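Notes follow once the structure below has been shown.
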Amino acid sequence: MGEIPVGGSGCLWLPLATALWCCGAAAISAARRPAPPHPHPKMSPGLEDSLCRVFQEKLQLRTVPAGDSASLLPSSTRLLLKRRELVDVERALQAQREGFRRRMEDLDRRRQQLGQRAEQLRDVSLSFNAFLEVSAARRERARVARRGADGDGLQQELAGLLRRRERLRRRLRGLQVFGEYLRGVVATTGRFQDVPSMLAHFGALVGVRAALRHQLEAGQQRLAQGRARLQQYHKEAGSELLRGRDEVLQLRARLEAARHDVLQGESCWTQIQSAAAHKALLLGQIRMAVLSLFQLATKHLRVPRDVALEDTETQLDVVLLRLQDLAAICAELRPKELGLAPPRVPAPTTTRPRRHRAVTGPPSHQ
């Protein structure tokens, strides 16, 4: 039970020791807490630690071994403690019994469940065994049925083979005549050793004949295809020839139209050339006339002759200016005798700047 303090009865000393210990702990904690601000000077840390240590030493109690504490308790207290221990032990045993009982109940339920599961598995095993037996019986019956069907099929096949053998026997008896004939042919010709070699030779000839026939058919087919292509080429060439003829006719028509256009153009060009020659002749005559008038004007009116002979427009302007001056002079000299307005002289037609004047002085002086 551990160690207990010494001094007095256990029932009174324990609460007192506990109270003293609580008071000492409170005093120590209060001493260690920071003190509130006070005008007096603070206690030094060394003094505070020494006081706490002395107080704790005074609070310590001497202990004795636990074996001696039982002799210090009264008999009634020891009896109560024993009874309490018995009650605790009884409670522990009761709890163990209750746990054991619950475990046994769980085990019984588990055993019952396992028994039920075993019964179910036994039933399933029996049903599966029955199913296997039924399946085996069904397979056996199916195998027997297949064997019976196979036997019937074999019987039918055997009957068919027997019938075929009979037919082949009858056919062989019918072909014996041909065999004798072939043997006679071999003996007559002397080219072959036996009938199979002769048959092989004729088989090769038949194969060659079939190959030649196949080649002939292929050649005829190619010939027919060539004829069809030739006809197609003839048709295409005819259509091309017709189109070429149409194009030639169109080109000829266009050539005739072009020739007609050329003739018309040549006639127009001839007319244009004749008109141009006439205009050139007329222009030459006009230029000669203008030159003659210019020479007359410069001869009688003493105008400078620095105008080029090819500058017909300037010469014509000079002549017109001279005519205007003469008309103005005539109008000034005899305006009332004639009673007519002065003749109107056309204005110069050139747009170039005038380089010469006909008269340097007034018309009256001239």
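Backbone N, Cα and C define each Cβ position, glycine as well.
TrEMBL labels come from automatic prediction, so no person has curated them.
According to TrEMBL:
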- 1-31: signal peptide (SIGNAL)
- 80-186: domain 'DUF4200' (DOMAIN)
- 90-124: coiled coil (COILED)
- 340-366: region 'Disordered' (REGION)
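Regional average pLDDT for the coiled coil (90-124) in the model is 91.
Residue counts for the domain 'DUF4200' (80-186) under DSSP, split into helix (H, G, I), strand (E, B) and coil, are 107 helix, 0 strand, 0 coil.
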